[in-house]
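Chemist: What TrEMBL records for A:235-451 is domain 'ABC transmembrane type-1'. What TrEMBL lists as transmembrane segment is A:6-22, A:45-67, A:132-155, A:167-192, A:234-258, A:278-299, A:305-330, A:363-384, A:431-452.
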Amino acid sequence: MTSSTLIFVVLFLALFSYWYGIQRSIKVAGGATQVKKLVSLPRQFGLLTAMWCGLPALIFLLVWTFFESTVIEALLVQSLSVEVQQLDQSALGLYLNDVRLLSDSSAEVLQKADPDKVFAAEKLLEINRDAAWLKSGLVLILCLSCVAFIISRFAVDFRARVYLEKIIMRVLLACSIIAILTTVGIVMSVLFESIQFFSSVPPWEFLFGLEWSPQMALRADQVGSSGAFGAVPLFAGTILITIIAMCMAVPVGLMTAIYLSQYASERLRSYAKPMLEVLAGIPTVVYGFFAALTVAPFIRDTGEALGLSVASESALAAGLVMGVMIIPFVSSLSDDAINAVPTALKEGSLGMGATQSETIKQVLLPAALPGIVGAFLLAVSRAVGETMIVVMAAGMAANLTANPLDSVTTVTVQIVKLLTGDQEFNTPKTLAAFALGLMLFVTTLALNVAALKVVRKYREQYD
Amino acid sequence: MSDLSITEALTSDDIVIEGTVGTTTAEDAKMSMRNVNVFYGDKQAIKNVSLDLARNQVTALIGPSGCGKSTFLRCLNRMNDTIPICRVEGELKLEEQDIYAKKLDPVLLRARVGMVFQKPNPFPKSIYDNVAYGPRIHGLAANRAELDEIVVSSLQKAGLFGEVKDRLDAPGTGLSGGQQQRLCIARTIAVSPEVILMDEPASALDPIATAVIEELIDELKEKYTIAIVTHSMQQAARVSQATAYFHMGHLVEMGKTEQIFTNPTHELTENYITGRFG
Ligand SMILES: Nc1ncnc2c1ncn2[C@@H]1O[C@H](COP(=O)(O)OP(=O)(O)O)[C@@H](O)[C@H]1O
Ligand SMILES: [Mg+2]
């Protein structure tokens, strides 16, 4: 049986065990009329039995699948000739690959192939078959014996409820561990690939180099085939676009928040807030082609009319559209911060004869400042990590410039560029993407941590 | 009626309230309110209340909670304007001037009629800036020296200067509850109001801080006209000269404090007072 059929069988067995557990518990109680004597409900007995049936078997299957290929490979190599066993790592890998291909091939192909390999392929099929039988057998035995074990413990005072709670708690724990492990795994893999990258390109060259042209690394026959991996232009571009986006998003977002929370009528607020949320729900790719097809040409034409030379893909276009994308983010977080300021403070100020705008400027905003700074930092980290808009609107040229009318490129754009299309792994070019990713990750992490710290500090002040 | 328990008496609908008993008018009135009705949406919170605040006197507003004391007090400096569903009807005058007149700027009114709130609410600024807040907004000081003088004299009048004179730059929120409330009083008198409204100013304070505030209120009446909402009968008896008893939006009885507490006319007033005094 394949693993997927096996899973279905186990699930079916678990379903059956649920019913069986209920029946057994009723029997233990001494009939349907006596169920009240049990300290737990029959349903809980059933669920517990089902879990005992399913969980150990599924865990076993998972572990088996994880180790299967390694173990089978080792068994195969052991059964082969001494020459094969003495092959080095990569040669052995190639050899086994051939064997695996042959094991799936038709008889015709087998006739033409190296008899040694054909023998190995047959051996492999045999091992696979045995393994499948073994797996199915073990899983079924595990299911049945676990059910038998738990059923044997059923009694009137068996605390199925408590055991059930414990199992559920462990399942939840396992799920959260999966989430954490995945994060750690991603960080680790990015970290290791980056370390590999830094073994071919020195870190200081990457961090402080002023030239970025990874394309050269492809042409191994040319001089300077190592490419230029100075990330400064990318970070400069990212910073430039982020600054433009923030110049757009922060004033507009903050003032929107002030208007909505302090001046707008209840009615207006009930329309405006959902509309802002729609803005937040637009996919970034839509913003991207809005930037590339509408805003960028408009800026270029306007610039030309004013006698300025504007690149057709300008940092300004990408930054402005990204700013619009971030507005709802800034406004809703600032709104929360302003609303969290106690009404007593606002009334205190109004009660002194301050106008509404004086109250906002002198009391509400200073009191909400930490929350607003937190919103700002979170917005920056979104802008830094944003990809789609810049891919479509900011361009690919790694210019080191502070001119918003020029075309620039960002870290995320370059990661996309390095990894799309047919690429060979393990070249500095592809590994550079991981190094850039690591830098990005560290930056946004630092920003997020700072933002959370600021926001938390502010919470303590008023609660 | 006196065999009814206090809660029965206060919640029973049997007692019909017909107008107000006692004296609601004053010879020298600083503020005078006539036939005031206040609505929150459809719900009426103040029902046809008329009363005067006598100049340089403390008027106490007492009554069971939810009877409309705060609502009435907040009409006097148009603080209710900040609540969109709140509507005020009637004639409310400060020195013959209609405070709900269209032309009147509520911002200027609030500089003349200051307010101290239930929970001390100093701004998250320094002690100095808290007191200087109003004078700065209203441009009361021409230069730093004048501002310093206003701050110091306000703190002195609020009886706080001695305790904070070495740390005027420290945040106002770092003071104790009683000090914070006196800071709020200093902040209010820094703009030289004519009337000060206090909504349960001592209810969040301990007995000693409360006694300090009560003494302060007694001194302040020399200069200002004061209306104070309080749920403590003893406090009303100690600090006020006139007392108004509210019940479910009605002004039931008003008169000299001494008379209200020793010889109330209306049975509702009597029930409330005797119930609380035990
Ligand atoms: N902002 C408001 N919106 C609606 N109803 C309110 C509001 N404030 C007070 N009320 C109602 O008005 C009545 C009087 O309240 P309030 O003046 O606060 O009473 P008190 O200060 O005497 O305890 C209460 O029934 C209360 O529910
Ligand atoms: Mg109140």
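The backbone N, Cα and C atoms fix where each Cβ goes, glycine too.
Looking at the shown structure, what environment does each listed feature sit in?
Modeler: Listed by sequence, the residues of this chain that lie at least six past the ends of the transmembrane segment (A:45-67) yet keep a Cβ under 8 A from its Cβ atoms are 3, 6-7, 10-11, 13-22, 24-25, 38, 135, 138-139, 142-143, 146-147, 149-151, 154, 158, 160, 163-164, 167, 171.
Long-range Cβ contacts of the transmembrane segment (A:167-192) within its own chain (Cβ-Cβ under 8 Å, at least 6 residues beyond either end) map to 48, 51, 55, 434, 437-438, 441.
Nonlocal intrachain contacts for the transmembrane segment (A:305-330), taken as residues 6+ away from its ends with a CB within less than 8 angstroms of a stretch CB, comprise 237, 240-250, 252-254, 256-257, 276-277, 279-280, 282, 284, 287-288, 290-292, 295-297, 299, 375-376, 378-379, 382-383, 386, 389-390, 393-395, 403-408.
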Chemist: Among A:132-155, A:234-258, A:278-299, A:363-384, A:431-452, point out the range having the most Cβ pairs under 8 angstroms from the transmembrane segment (A:6-22).
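Modeler: The listed stretch sharing the most Cβ pairs with the transmembrane segment (A:6-22) is A:132-155.
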